């Protein structure tokens with residue numbers, strides 16, 4: 001049973017580089033925790049203040065708190081913490097760069113502009129004014145749970161990095177349709193007229209090794225079978241979908257399956273991803289299955305045939321707890337097609353999977369047992385109550401041995417958080433007449449291992465824990481602890497903080513159904529969202545970061561906040577009269593070729609206040625604008641994002657790669673509580 005590196009340690013187990021040592025400076029009244037090279041899978045709070053002050057130091061790899069935030073919740077954006085008040089950055093030495101000096105480049109003049117350092121090694125965060133750190137070597141991260149799983153992964157040779165695509169100019173959209181069925185209605189009509197009783201065979205994702213490996217010459221003695229050849233009466237769904245359905249196979253894609261288990265509880269979302277009326281048996285069965293995924297701003301159709309990899313008549317990869325149910329295996333295959341091969345799913349970020357399955361926004365929280373507080377539980381509780389999707393993991397210090405510890409928790413493995421509940425314990429051993437019984441409050445979380453087996457938490461509040469006897473029978477029935485080896489268990493919030501140290505939360509936000517309207521959550525609130533697209537074109541609009549004189553030539557976007565947010569009882573005085581806003585920049589990540597991964601560049605953005613939201617700003621004009629925020633360190637993630645609290649008014653966003661003249665496409669997403677006006681301004685052109 002494979003698993004990816006943890007949310008904290010890495011999504012991508014193929015990243016390599018020298019190790020590094022962090023030496024934090026002496027400080028007062030701040031709690032710190034390392035963020036381990038910035039490799040995390042995201043999660044997000046819908047209600048807490050992530051205000052960014054105008055005097056903003058670039059993030060370091062330290063964990064700190066805003067004064068106006070609830071204690072115990074760090075302001076993280078993709079694993080990088082923001083420092084307030086400003087502190088000197090820690091000294092970092094890499095095993096290959098100890099003593100080396102950072103390369104410096106002339107910076108853009110202007111208020112609060114700070115110099116940023118250049119990274120020459122892929123897979124690292126770029127930090128300001130200091131040497132850069134490098135990723136840990138995750139090339140040997142693999143499971144030892146099953147011998148067969150070990151053999152399978154060793155056959156994949158995951159230590160060989162997947163080739164990446166270098167671009168001279170951005171791909172046009174028609175070249176970025178790998179795995180996508182552009183016109184499903186036309187495809188379906190064409191299919192119905194050509195099969196003549198035969199079953200569909202997908203020519204773009206054939207039942208051979210080219211769909212399994214980057215190297216099609218490998219041979220694992222796989223037999224491809226249709227569901228009807230594996231069992232009697234195969235079905236797409238057996239009694240609907242549930243989190244218990246998803247069982248991980250021998251592929252290291254727990255990051256994707258943890259997200260699948262999360263969305264399985266949301267029937268409307270399942271219908272969005274898996275359109276209805278699809279059968280695995282006649283009548284109406286043609287051997288083709290249709291899925292939808294969110295990719296770079298739109299829902300795309302993916303059609304596969306239903307042939308699945310097997311050994312000894314058993315599914316090799318994902319399966320269901322119901323032996324004749326096939327939606328997990330087929331959805332995994334469709335996602336593999338979208339990612340080139342099954343091997344393309346080996347190691348990834350749950351945050352990316354949540355976005356691809358929902359079109360929502362994923363954010364990350366990192367915490368330690370010492371720093372966390374009750375406010376963090378309130379965040380998780382609210383997430384559970386408002387249908388947010390949540391996953392968690394614990395970093396694994398030993399990538400060679402991914403197996404359960406003495407308490408049943410597997411480090412370096414993605415879990416799904418499926419519920420949060422508060423229970424009241426009767427603390428009196430004996431009830432006395434006319435005496436009110438005393439009660440204690442306990443905060444619990446329900447967590448699921450996608451392996452779906454007996455590898456579960458064995459401590460307090462586990463399936464067979466004596467703690468359950470302290471609940472009244474009615475309360476016990478409500479909680480419904482299952483004494484079976486299904487991978488799901490309850491644990492106290494305190495134990496959760498001891499055993500895990502990162503949480504992803506994905507909120508649907510606006511436009512979940514693609515109708516252009518803000519979706520309403522269960523509490524009656526909502527968001528507005530606008531998407532804007534742009535391109536970095538070499539020698540034209542790829543100006544690099546603010547270290548370079550060409551920074552102003554990047555595509556520019558404006559947004560105008562028209563009115564402050566509604567006042568909520570939990571709002572701080574500083575937040576009243578202002579606007580909450582989330583800005584995300586997503587770089588193009590769709591594949592153009594099956595055997596080439598899209599290269600992820602280090603990206604970031606800055607925000608400036610302006611009185612001219614209708615025109616792009618020249619270099620001279622930009623130097624006189626007040627910078628009010630930035631994404632932080634440049635990092636090669638698919639998405640960078642940040643929450644801000646800003647006054648009503650007009651602002652300009654400048655997204656960029658770290659270095660100039662790097663071509664690519666990107667999308668800017670703006671989430672606001674109240675309606676905002678957004679415009680694509682283009683790049684400033686000298687005349």
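A Cβ is built for glycine as well, from the same backbone N, Cα and C atoms used for every other residue.
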Point to revise | Per TrEMBL record, range annotated region 'Disordered' [choices 1-40, 161-200] | key: 1-40
Point to revise | Segment-level pLDDT (mean, integer) for the domain 'Calpain catalytic' (199-509) | key: 87
Review point. Between residue 449 (active site) and residue 413 (active site), what is the CA-CA distance rounded to a whole number of Å?
Key: 8
Revision key, fill the gap. All chains considered, the count of other Cβ atoms within 10 Å of the Cβ of residue 449 (active site) is 28
